[in-house]
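Visitor: Below you'll find the structure I mean.
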Ligand SMILES: [K+]
Ligand SMILES: [K+]
């Protein structure tokens, strides 16, 4: 009898962890897709139970599935009134879906990122070994720990759970007094605060109260708290963790610099938030149905809040339906990009956009390498970025064409809701609610493809790099 | 006194050619942009002359400029009635603009492609020399002549002029009897035939007759001739020339295989034309205002013709305005891609799309190299492709946002006309005609950016590759 066969809690945990590791390492992409799809089916089943609806009836499959997908994919699009349709049981199921979907994704994605970076790290070392460039030898392969900033998957899991508890807990405590002031009793206020906190940090965008965001439309405190929650969720766990390590570690454990991923994510996110806010501010300035009646300060705050929400928070203090077509197109682009990698946000991810622009910049300057922050980004990363964008464009185009043909709705509304679904943003022109059942299924599939697609594409695809024993002769087609 | 200073026609020609070569090689991108912009200004001036309009008045600057841009960029969008507004002088100016713009672009683009491939060829040789992969040595660098299929710029120019004369001449002769049957007198029919031929081959899409395409809406013969003309123009000169060499050369001069560029262009173009036709056929099948009233054969033919026109021919036998939103989105995507590189067509180019998908495919299969037709496509080509797409997306987004804000027109019409302008396609929902002057300038700028942008981007950017004496340490951001 060996030590590992003794059944102790620690022993079981270790073995479970080992199995999960093995499964994740052998089939990372399929593993995520499997977990996701299974989760969605379980939550659909739970939401269809009579006990889940406020009036004790069976919620139709299409609405239960849509809500389950919207929760597990942390999208926040709705086809029923979230504040009144569900019972407490239903709400707890949804909350569970959000946490498992949002945080679970975050975990699995980080885990995949780690696995991938390990493999790529290996491949990189192999490549580096055959690299005879003398300049190259001074640097040597870079430790993959720079990518995620963590040494092992167990530590990663613990760190995720810990940071979620801390962040959601803090947000809950910050929101609580605001809801008490609004006149809610302590228990209700606590539940709603937690719901708001989880909805913000997981970038879901469900609102638990019947009045929606209206009471807070010009509330600096509440919008700031929610905005920060969404921001923290959207930059992604690897970034949060890197920032934490950088800020707290001392002595030899303190990293000398922030990882490239962290810098790229923060810079690109900041640029998008500021530019988005400026565009919304400028284009909606004189729109009487949106910003037109607000004070200057309110206009600035609303623009900044709405811009942050396109990262993929999805809470809205303006009527999307009343916005100008130009603003909708700007928001389409912002939602398309979404948030950070391995985050609760969706979209193609800010680093994907950054890598594409860095590649174009490198080309324009005639650099041999794609570079950023004095680091070289390998070409495989560009290929992954291109794959992700093509995937996104294909899904969005297909979904839009089907919905356009099905509903004959105007393109700006269809495109907005489809990109919002793909980027799991959850903002809506109102089209989603009015879709026929077929359209709801299409949009649910779009959310699913958006959530599992980009993440597993980035991870699973690259993980299967195979050795090639000969290379084809080179030939260049003319492009452009 | 040296031989080169003797002033003979041949001597002058040689010296001009040498100067042009030198200018083109030293500043290929700026050279093209300069030539283009100068041409547009000259043609604008000519079109503003009273003698250029049918009623002998001065055409307003905005309309003259728009028409000049539309002609020189071979776009075919119109803000005045092309069949009645211009005098014979005006028409000849426009015809000259089309030929110089379409064929000149074709030439300059090919020339740039050659220059670039030469430089890249050099760089490639340098890289190959430092490549210690033993498998690589079996192949050696591939001659750049594979790319364009020509040895020198002079030969290229002659070949372009020759093939244009032959193709446009043949098309003219094929169209002539059809117009005579329509009842036109010989001279008018000759002029109109030539106009149609040039308009088709240069992918312009202007129609010389007041009735427009209506008389030929279900005319198999005319649509086939025009379709083939547009197709030949859109695949690009390097492809035409490679096909010609492959078909005509005998013995040692016959190439053993078609260049990769040719295969990629023909395959992608064919896929797009067939898939586009299928989509138009399926989506417009029961639309009473477009295909609904046609016979099955007519529906098939119209779908195929309209799909071919998105390459960027721009002739329309259907009322774009009456098409479904879903079909418009499909056509948006087709026009965005456009035709072949170094052709009279616009868009990001079919090879650009192909390279992006090949990169994603290589990533999905875990290949180290981007491959097609048993050839390896170097990574720089992917970077150029990404640059071109980013440029296209940026221009189209900017132009759309401005026009949306300016006109408050629906997104599907704005997007369609903007992509049509950028891709120099010339199909229109009717929005272009109704634009205020500001909007016309925006659209003219979009055409200009679409025509010079992608071509010079692809050429100019890559031409300035600089040696790097050290490489940064590598670090991978997570994307997707
Ligand atoms: K969301
Ligand atoms: K055209």
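Along the chain as shown, residues are numbered 1 onward.
Each residue, glycine too, has its Cβ placed from N, Cα and C.
From TrEMBL, for reference:
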type	residues	note
TRANSMEM	B:27-49	transmembrane segment
TRANSMEM	B:61-80	transmembrane segment
TRANSMEM	B:92-116	transmembrane segment
TRANSMEM	B:153-176	transmembrane segment
TRANSMEM	B:188-208	transmembrane segment
TRANSMEM	B:220-244	transmembrane segment
TRANSMEM	B:264-283	transmembrane segment
TRANSMEM	B:333-361	transmembrane segment
TRANSMEM	B:381-406	transmembrane segment
TRANSMEM	B:441-463	transmembrane segment
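Tell me what's around each of these sites.
Guide: Outside the transmembrane segment (B:188-208) by six or more residues, the chain places 71, 74-76, 78, 82-83, 91, 94-95, 98-99, 101-103, 164, 167-169, 171-173, 175-176, 179-180, 182, 225-226, 229-230, 232-234, 309, 311-315, 339, 343-346, 424-427 with a CB less than 8 A from a CB of the stretch.
A Cβ distance under 8 Å defines the sequence-distant neighbours of the transmembrane segment (B:333-361), meaning residues of its chain 6+ beyond its ends; these are 73-75, 102-103, 105-106, 109-110, 112-113, 148, 201-204, 233-239, 261, 264-265, 267-269, 272, 276, 307, 310-312, 370-372, 377, 381-382, 384-386, 388-389, 392, 396, 419-420, 422-425, 427, 450-451, 454-455, 458.
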Visitor: Between the stretches B:61-80, B:220-244, B:264-283, B:381-406, which wins on the count of C-beta pairs under 8 angstroms to the transmembrane segment (B:153-176)?
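Guide: The stretch with the most close Cβ contacts to the transmembrane segment (B:153-176) is B:220-244.
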Visitor: Taking residues 6+ outside the transmembrane segment (B:220-244), which of them lie with a CB under 8 Å of any CB in it?
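Guide: Answer is 102, 106-107, 109-110, 113, 147-150, 159-160, 163, 167, 171, 174-175, 178, 196-197, 200-203, 255, 258-259, 261-262, 265-266, 269, 273, 301, 304-305, 308-309, 311-313, 315, 317, 338-345.
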Visitor: Can you tell me which parts of the same chain pack against the transmembrane segment (B:264-283), counting only residues 6+ beyond its ends and a CB-CB cutoff under 8 A?
Guide: 231, 234-236, 239, 291, 299-300, 302-304, 306-308, 310-311, 324, 326-327, 330-331, 334, 337, 339-341, 350-351, 353-355, 372-373
